[in-house]
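Asks: Starting off with a structure, shown below.
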Amino acid sequence: MIRVDGLRKTYGDFPAVVGSDFEVGDGEIFGVVGPNGAGKTTTLKMLAGLVEPTEGTATIGEYDAGDAEMRRHLGFLPEESPLYEDMTARSYLRFFADLYDVPREEATRRTEDTLDRLELEHRDRRLGDMSKGMKRKVAIARSLVNDPELLIYDEPASGLDPLTTNYVLEFTRDLAERGKTVVFSAHNLYHVESVCDRVVIMNRGEIIARGTVPEIRAEHGETSYHVFTTVPVEETDVVGADVTDAVDVAADTAVDATPDTDASAGPETYRSVVADMDAVESVRSAAEKAGGEVVDIRTREPSLEDIFLDLAGRPPETRDDGKGRPVAAQADGGVETLDGDGGDRSGHARDDGGAR
Amino acid sequence: MSRSLSDHLRVVRRIARWEVGRSAGTIDRRTAAFALVALLLAGGVASTGALAGGVALDRDIYRVGVSPESPYYDAIASSPALDARPPTVDRADVDLYVGDGYIVADDSQKSRAALAELNDAVRRYNTGAMLAEENRTAAFPVVVSLEYVQRGASIPAGATTGASAESSSGTAGESESGRTGSAGSDDGDAAGPTPDSSRSAGDGSDDGDAADRDDDSLSVPTLGGINPFGSESTGSPADISPPFPFASLVLAFAFLVPMNFVVQAYGGTMLNERINRRGELLLVAPVSPGDIVAGKTLPYLTALVGLTAVVAVAVGGGVVSVAAVLPIGLVFLGATFVGAMFARSFKELTFLTVAISVFLTSYTFVPAIFTQVTPIALISPLTLVVRDLSGAGVSLGEFLFSTGPFFLCAVVLFALGSGVYREEDMFTQRSVPLKFLDALDAHVSRPRDVALVSLLSIPFVFVAELLAIAVLFVLPVELTVPVLLLLVALVEEAAKSLHVFAAFEKGRFARTTRTALLLGALSGLGFFVGEKFTAVAQVVGLPELTLGQAALGPSGVGIGVFSAAGLLLAPLALHVVTAGISAVGAARGRRWYALSFLVAVAVHTAYNLTVVSVLG
């Protein structure tokens, strides 16, 4: 469905996306993950034909990205839902259906069906009078008026409450089950992990990991074992070449022998985090030697977030814009976008680091 | 897959329809109802005025005491400005009093203006009456005065200006105090309303047509020969010499007023697409930015044309008026579109649209004042409107000269704004100058584009130079020509180099001297080709003016200045050299560009001065 070769975008001297390559199959939900400034949105916009690549190609089916005909088969949902607030949901959707040459009856049927599925009421209410969640649903419905094969959703659950977020994620899964291909970006890695079939992790414009979540976990993550004991285990007690190495890797600094108040582990337990079963055995021996015992052993798989943090280090430094909103630090001093009717220089964060 | 024209038109129509519906939704019903009622009332008033003989701004402003039996009565009644009052009225309440064989005017500005209006009214009445005559030869006799002079002798003064001489003789009797003297009356018995009132009497001296010719349809005494009213210094704009088409000018201004409202709404809707990235979803739809811009502009253009047509009907204008105002409206919209694409906020947009309105209103209105004075007036299409309203004809050449630059400017403005109607530029906040550079850069992706942009800058250069001529032509030539030559050089060098600078700043081209020289040469060539189109100025003879020659001649048209080869090559060489100088500076950065630009302007000005002072 999608083939991306050497996609690169620079704004002046600032590289927003550096040579991306990936493919997305039909009916797949493909996640693009990364922090602010990673290049996710720029990548998605290049796929949608909104941004012209500096180098490289992106093909959608038989079309080049940006081909007007390709857009007939595309549904794009930007991070925000900038609707025309003086229109009603119905008139708004009808207008976009017109632009896509959807016959009036078909447009009405499709629109009503989508709004039913999205459980959106008050369809003749002004969009400006709707809640953020309702607006998001209208925006999603708009992305579907042309019944596209490909959906590009940029942060579809951004800024929504947990209930609506779950609903949107469920709806996205449902779309894939109906045969749609979905390219999906998110800051929230849990959302990606729970929805996407395959993922690329981007940081500073580069893809730093790719594959299914289990594949990424296997390649980049480390399984850890939490051993709960009734006595503290000194690091020096966990000796032996294999054991020592394992402890160092898993706990980073040392055995994490701290009192644990987990009720299931008992009131007087200590937790040691180690990396493999040999180290677990070493902890058990040390605990017995100290007159205690192992009361519980738990296995912990790394989350995508753990892997991401491990791969990318800390996300780019953020600052506050004075209005309680975080703004990504921008390598070039940055560009701010129009945001708000007052036209303030609001410092709305661009996902691409926005150097223009 | 390329789309057909009908596909584009269908999309444009859909977007236009949506724009109308959406815009309508932004106005609440009460406001809309109020506006509709106000519009209907205004339309009703205008229509009533039109049906009643057109709009008269000076209706009934002069009160004249006159008897219905007076031969002047019909002429007075036919004039919108004169209000006929019964002769029994208190003379202090009237501006003029027409008695039996005499006219009394107060010694005031208003009375003198009333007298001048009465003079015009009688003249119009007489002309109308004579036009109604079947025997035109009798109505408009040709009088030939022969005066034989010795061969070699000088022609006596007045021999060739008999009419004016006669006319001036007819104004004899004016006092130094401005009082209107009586040419033919010596009795002084026509008491005025006040002791120091002046008196005017019908001449009654040599013709007294009305009195002598009771059966004549020309029942009003002719005012030819000795003019009893005087024709000077009455304070009326119509008395300004050379003639000042006051009424037509005011009516022409009426065309500009609605535009200001329309462009405010238009600018708002275009900027609204940029606020909160609203326009992003249209950009990802299967439509082109051109379709979007055209669709969103069409309703406002239609409104402008509709309003212009309504105003034309109301003020008695014709197709020429509407056709002349259309390019002004397009430039208004184009400039506002560019402003909306550059502005970072509604506040900034308001500043830009007001600036645009003031500039365009001044540019179109001020030259029109000189409609009957100089061909310079034709730089404004509003001059065509004034001529249309005053019944003067407009030739095709004049129409093209006047409207052509406006049409071209509008096209280039829309192209400029459309250059940044894309995701990468639309939603970013950059200062207006930087946005301007972005817009220029958007049209320069290959070296040859540099030549094309230089060529397309010609309408603006032409308009800027015409504006400079219009502003400076009233000053002494010795003073203004050097200033004008400097301004011309500034404008032209900016037009040739700004887009080159923008392209270098955006990293479109390698910053090498060789590349800069190539781009400079292409820019100079493109500008030279475009400049040749300014020869259209000769259609109306503008270059015959000294300033016209200075502005359009030195490096450009220069007809009659150089030999054929020099005529072609010298301006080309100039433009290539100066554009090359600027381009080399632009390749090295902002400061170098500023410096090289000044050098290029200096070279250009020196060339212009040389052509004008030495060769011209």
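Positions of Cβ are set from backbone N, Cα and C atoms, glycine also.
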Asks: Which range is it, out of B:32-53, B:516-537, that shows up in TrEMBL as transmembrane segment?
Replies: B:516-537
Asks: Take the C-beta pairs under 8 A between the transmembrane segment (B:399-421) and each of B:246-268, B:349-379, B:450-475. Which stretch has the highest count?
Replies: B:450-475
Asks: In the same chain, who gets a Cβ under 8 Å from the transmembrane segment (B:322-342) while lying at least 6 residues past its ends?
Replies: 255-256, 259, 262-263, 266-268, 270-271, 274, 293, 297, 300-301, 304-305, 308-309, 312, 349, 352-353, 356-357, 360, 364, 381-382, 384-385, 388, 394, 399, 402-403, 406-407, 409-414, 416-417, 420-421, 426, 432, 435-436, 439
Asks: Report, as numbers and ranges, which residues of the same chain sit near the transmembrane segment (B:481-504): CB under 8 Å and 6 or more residues beyond its ends.
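Replies: For the transmembrane segment (B:481-504), the list is 436-438, 440-441, 443-444, 450, 453-454, 457-458, 460-461, 464-465, 468-469, 472, 511, 516, 519-520, 523-524, 527, 546-547, 550-551, 554-555, 575, 578-579, 582-583, 586-587, 590, 593, 597, 600-602, 604-605, 608-609, 612.
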